[in-house]
Amino acid sequence: MRYLPERPNKTASANKALVSFMNESSSNQRPEVVWHDQSVSREDRERQLAQRGCVVWFTGLSGCGKSTIANAVDRKLSELGAVTTLLDGDNIRHHLCAGPDRLTAEHGPEFAERFGLGFGAIDREENIRRIGAVAELFASTGIITLTAFVSPYARDRQRVRQLIESVGRGGDFVEVFVDTPLETCEQRDPKGLYKKARAGEIQNFTGISDPYEAPPTPEIHLHTADKSPEALADEIVNYLKQNGMLIRT
Ligand SMILES: Nc1ncnc2c1ncn2[C@@H]1O[C@H](COP(=O)(O)OS(=O)(=O)O)[C@@H](OP(=O)(O)O)[C@H]1O
Ligand SMILES: Nc1ncnc2c1ncn2[C@@H]1O[C@H](COP(=O)(O)OP(=O)(O)O)[C@@H](O)[C@H]1O
């Protein structure tokens with residue numbers, strides 16, 4: 001097994017920078033809550049895994065192919081021996097970012113109203129904030145973390161990028177724009193949601209009654225027309241290989 005090269009700029013001094021970043025971002029409200037440094041470093045974990053932790057952030061309209069392509073990448077990476085995880089919109093909205101309807105029975109209406117997430121702009125912002133925080137934890141453990149969320153707002157994605165790259169390194173956030181035209185997504189309509197949105201039965205539906213802010217400069221821009229999910233997944237795996245995320249291949 002090959003090991004990652006030493007990263008002299010990311011040892012003790014990087015740990016100090018991380019502690020100070022975390023303390024700065026929380027000190028305004030809760031000075032008594034202080035970040036605690038850990039003795040096993042990210043570099044130790046990455047060396048053990050022979051890979052570089054990062055976040056591969058898929059964004060695009062509902063039905064554009066995020067889940068399908070992310071699953072194909074996950075499988076291909078796994079076959080190469082990489083340690084990966086996949087956070088997918090529909091799954092995450094069952095628990096971590098559940099809607100009020102899922103929370104009421106267990107936690108009561110007040111809790112459900114306060115913490116349950118829907119699809120308004122602020123709810124999406126909180127959804128992406130939570131997922132960004134979880135993705136950062138995975139990436140810091142050296143895991144190649146794939147995420148598949150509509151994430152329609154550029155500012156929300158930018159905040160996650162800022163978090164991932166401040167705590168980790170430049171290049172740790174790989175934005176993948178799954179660029180499938182709205183007409184194609186609407187024709188596919190695997191869950192019948194576009195039909196409902198057109199009929200006014202679903203509010204704030206991305207692309208129909210809610211905005212989608214396409215990334216102007218994603219690390220990977222997938223033009224999906226006439227390309228199979230497998231071929232598109234290969235583009236991503238090649239990018240990760242070329243950018244040093246997979247050390248053992
Ligand atoms: N109003 C509205 N707009 C967009 N999408 C909707 C909406 N209501 C439900 N759904 C379904 O929820 C999935 C999107 O959830 P996300 O967590 O990825 O959305 S977001 O990132 O917070 O914008 C999305 O999943 P995908 O189709 O896999 O993208 C839809 O199935
Ligand atoms: N490149 C592609 N070419 C043709 N069909 C695709 C492609 N990618 C995804 N699909 C199909 O489109 C539908 C929606 O894909 P999905 O991955 O669920 O999208 P999303 O996660 O973005 O909502 C699925 O039926 C899937 O099989």
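Keep in mind that glycine also has a Cβ here, set from the backbone N, Cα and C atoms.
Note that the structure is a prediction, hence the values are computed from the model and not measured.
What TrEMBL records for 52-98, 116-222 is domain 'APS kinase'. The feature ATP binding site is assigned by TrEMBL to G60, L61, S62, G63, C64, G65, K66, S67. What TrEMBL lists as active site, phosphoserine intermediate is S151.
Overlay of TrEMBL annotations on the structure.
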residue	record	DSSP (3 states)
G60	ATP binding site	coil
G65	ATP binding site	coil
S151	active site, phosphoserine intermediate	coil
* Structure fact -> G63 (ATP binding site) has its Cβ surrounded, within 10 angstroms, by a count of other Cβ atoms equal to 24
* Using DSSP, tally how many residues of the domain 'APS kinase' (52-98) sit in helix, strand and coil. => 18 helix, 11 strand, 18 coil
* Structure fact -> Within 10 Å, the Cβ with the most other Cβ atoms among the recorded positions S67, S151 is that of S151
* To do: Report, in whole Å, the straight Cα-to-Cα distance of S151 (active site, phosphoserine intermediate) from G60 (ATP binding site).
  => 7
* Asked: Out of G60, S62, C64, G65, S151, which recorded positions lie by ligand 1, with a C-beta less than 6 Å from some atom of it?
  -> S62, S151
* Asked: Any idea what the Cα distance is from S67 (ATP binding site) over to the residue listed as 'active site, phosphoserine intermediate', rounded to a whole Å?
  -> 13
* Asked: When the Cβ positions of the recorded positions L61, S62, S151 are compared with the atoms of ligand 2, which fall under 6 Å?
  -> S62
* Asked: What is the total of other Cβ atoms whose distance to the Cβ of L61 (ATP binding site) is within 10 Å?
  -> 24
